[in-house]
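J.: Before we start, here is the structure in question, set down as structure tokens.
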Amino acid sequence: MDDEYAKLIRRVNQPRVVIDNNACEDATVIQVDSVNKHGILLEVVQVLTDMNLTIRKAYIASDGGWFMDVFNVVDNDGNKIRDKEIIDYIQRRIETSAGFVPSRRGSVGVMPSEEHTSIELAGTDRPGLLSEVCAVLADLRCNVVNAEIWTHNTRAAAVVHVTDDSTGCAITDPKRLLMIKDLLCNVLKGNDDLKTAKTMLSAPGVMHRERRLHQIMFADRDYERVEKTGVRAVEERSSRPQVNLLNIEKDYTVITMRAKDWPKLLFDIICTLTDMQYVVFHGMVNTTRMDANQEFYIRHVDGLPISSEAECVRVIQCLEAAIERRASEGLELELCTEDRLGLLSDITRIFQENSLCIKRALISTKGGRSALQVKHNRSSLAPKPPHQETTMSYLFGNLFKARTFQNFKLIRSYS
């Protein structure tokens, strides 16, 4: 009865979104009013980040049964949102998302759909891992439609959408799906224990890809650091985001954070807090040219603030990991070429042969062309000579073009 009553309240009080270009001199102001429910803040932030909007400031209030947020946003060029069609689309998306929170999936594996087969992977990161995964998929005649791969703290996670190369549709044969799972699991585990690799059947459901990657890495406990020693350990500690927790009169736990401002930073933080079953009651976000300062008043979904030192440490570790998964340093390379079966296997093998470790990758195929964006570090820890960065684009261009990529185009290469 309580659940039905809550649904009735939401239907009567539909979310209201107001988008104003006059309230702020240098940003578009988006105000969202809605009946409060767990996960609504994440859904709104997810819409804004999916639209490639940068959140410069945010004010969050959700005490009681009502939710009200104000966001100051700009586009990729740092300008206000002027296009009326885009404004209307943002408004519709937020109103729809704020009225519905999809269920979360909690497993890792292979899930068929009408258009493609979704493969979720988790395991220990190592040089050449992505190349080996792509080689297995190519041998099994699986065409990669799109994929996203993250690595952090010796762990790796991926969400890959594939189709059958012969039909262009999802792979539905149970025996073939089982073969894909078994072979990928063997690749992921390498010489490690079986527990370090996961490829199990997933329950049906729809999940935002980046949120799912956060969940996979969180479940794989990538927040548990492998401590290092020496100069590199000191450098890593100094570059970590600053996260502090404080309880206020047993009502709220206050989280204050300072980190480099990265795209989707707020999404990464709210995603982690939501999936850890914490509710943000009040919050403030303010970004400068380089840094982002954030403050949140939170409680657990049971209404209590953080109550132990162990829980406090775990929250700090998980928030640091959520930020670091996306904020890796290194060279970024974007390339585009004609798509074909085995293309990714060939490209990723070049990285492996040249001792380059891929830290993150975003892969998409559209209109017969394949695009790959990778962020990588060299396997060697030795610093690069000062002149190397200026010649990196030239070297990569020649490297790939020399390997039978006739229509290859290096779009950009930079640190």
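Just so it is clear, glycine is given a Cβ too, placed from its N, Cα and C backbone atoms.
In case it helps, TrEMBL gives these features for our protein:
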DOMAIN    29-106  domain 'ACT'
DOMAIN    118-202  domain 'ACT'
J.: Using DSSP, how many residues of the domain 'ACT' (118-202) fall into helix, strand and coil, respectively?
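T.: Helix (H, G, I), strand (E, B), coil: 30 helix, 29 strand, 26 coil.
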J.: Could you tell me the mean pLDDT over the domain 'ACT' (118-202), as a whole number?
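T.: On average, pLDDT over the domain 'ACT' (118-202) sits at 86.
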J.: Within the domain 'ACT' (29-106), count helix residues (DSSP H, G, I), strand residues (E, B) and coil residues, in that order.
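T.: Split into helix, strand and coil, the domain 'ACT' (29-106) gives 26 helix, 24 strand, 28 coil.
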